[in-house]
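What Swiss-Prot records for this protein:
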{"type": "BINDING", "residues": "Asp14, His202, His204, Asn238", "note": "Mn(2+) binding site"}
{"type": "DOMAIN", "residues": "5-267", "note": "domain 'Pyruvate carboxyltransferase'"}
{"type": "REGION", "residues": "392-523", "note": "region 'Regulatory domain'"}
Amino acid sequence: MSQQVIIFDTTLRDGEQALQASLSAKEKLQIALALERMGVDVMEVGFPVSSPGDFESVQTIARTIKNSRVCALARCVEKDIDVAAQALKVADAFRIHTFIATSPMHIATKLRSTLDEVIERAVYMVKRARNYTDDVEFSCEDAGRTPVDDLARVVEAAINAGARTINIPDTVGYTMPFEFAGIISGLYERVPNIDKAIISVHTHDDLGIAVGNSLAAVHAGARQVEGAMNGIGERAGNCALEEVIMAIKVRKDIINVHTNINHHEIWRTSQTVSQICNMPIPANKAIVGSGAFAHSSGIHQDGVLKNRENYEIMTPESIGLNQIQLNLTSRSGRAAVKHRMEEMGYKDTDYNMGHLYDAFLKLADKKGQVFDYDLEALAFINKQQEEPEHFRLDYFSVQSGSSDIATASVKLACGEEIKAEAANGNGPVDAIYQAINRITGYDVELVKYDLNAKGQGKDALGQVDIVVNHHGRRFHGVGLATDIVESSAKAMVHVLNNIWRAAEVEKELQRKAQNKENNKETV
């Protein structure tokens, strides 16, 4: 029987570093639930010591997730480990992942230390983490540029200290697959207690070979792969988990290992991450790109029609991509919409049926026919905007032309009060944004604007994603409508609600901190 490769997802920790705007706790939980449904073994969900907000989101996910092991990152620093344990302790079981650099360059220039001191610190911190949990992972940062003999010393000491998983990262995406496999093989040859730990790998894509490096390491004996959905991450990104997972499945004949992933959830999880993180998937992206199963060559098309295996090494259905598109109309009842959502793999918790059906009827009245991609877009927006709103778009009107200055009139519900303003702008969208900013008084700077069609044809839904800068922080907003000006207005209102909610969360965190301080003084 083949051995299992543990899938360790770091989309919510390392992957998030690539985003232009930080995710809210609710958005992180949405992604965590999708990852749990896909069956990841371990999910690294944050760096709790970095901020009160990250602490809260790690705690929320740890409290909610039951079928995947929740993990948090900590440097080899006492406070990091203690805070990580505090955030994770609400989980039934959890992992602490601690790390320190081991390469000569990092030790000399970053840590200004010695290898012996690094080993001593690693041992102490692994033991400290073991006081909180028996599931401790230790990473040798920049292992790819660490001499194997040095690496073996660190690994042996960390295992003796109690680390159950040893992670070997190619932190800067520098090594070649044959080199990386050699590092893993070298550790198996040099570390006498290596059988007491699982060897993990964490690769980056700076040279475009993160997946190749991970697979080479698995072939050499690594039994955990770390990565992120869609390969998101800082610089050129992380190892794309969906690619590793499907490579292991498709080429089990030579790799002879398996994962416990539910492959039929890959496509949906990939889409969830892409939409929430506002990171579109390239059409030519392996496994999950829109062109991954497209055949434009006449020869290829003929071959696929005769036998799909002529040019397809896996099927769209194997990753959960249902290519059958059905349409509904305004005469379709609630039960029909719910049934179609179930057929597409959605659970009741993925959307609010009442809100979704209302949005469906409005769209059906406009378009006549509503397709699967419309429903999925509506369900996504429905989930993003289900929280209480302080701002709500009540009305807007725009006048613009090729030689006229665009003018917009906007009515906005601000709490219980309706406010109205008009403004000019450089085009209809800018005019609306100027009017909204006048109403709210929020000082926001638009730094990114994306428009994507959700479907086909002139009546397709248009999704607008924006990122704004507000007092040094970046916030993401999304809007959906068949009218792109309306989508743009909704996106700005969504972003303002996110800013408002962030301020409310900050007030609540300050209140909790003050209460904690008052309790200390009382004692």
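Positions of Cβ are set from backbone N, Cα and C atoms, glycine also.
Those same-chain residues not listed among Asp14, His202, His204, Asn238 yet with C-beta within 8 angstroms of the centroid of the Mn(2+) site C-beta atoms are Thr10, Pro169, Thr171, Thr203, Ala210, Glu226, Gly227, Ala228, Gly233, Gly237, Cys239. Cβ neighbour count for Asp14 (Mn(2+) binding site) (all protein chains, 10 Å cutoff from its Cβ): 23.
Per DSSP, the region 'Regulatory domain' (392-523) is made up of 52 helix, 55 strand, 25 coil. Taking Cβ-Cβ distances under 8 Å and a sequence separation of 6 or more, the neighbours of His202 (Mn(2+) binding site) in its chain are Thr10, Ser139, Asn167, Ile168, Pro169, Asp170, Thr171, Glu226, Gly227, Asn238, Cys239. The binding-site residues in question are His204, Asn238, and the one with the fewest Cβ neighbours inside 10 Å is His204. In the three-state DSSP scheme, Asp14 (Mn(2+) binding site) is classed as coil. In the predicted model, residues of the domain 'Pyruvate carboxyltransferase' (5-267) average a pLDDT of 97.
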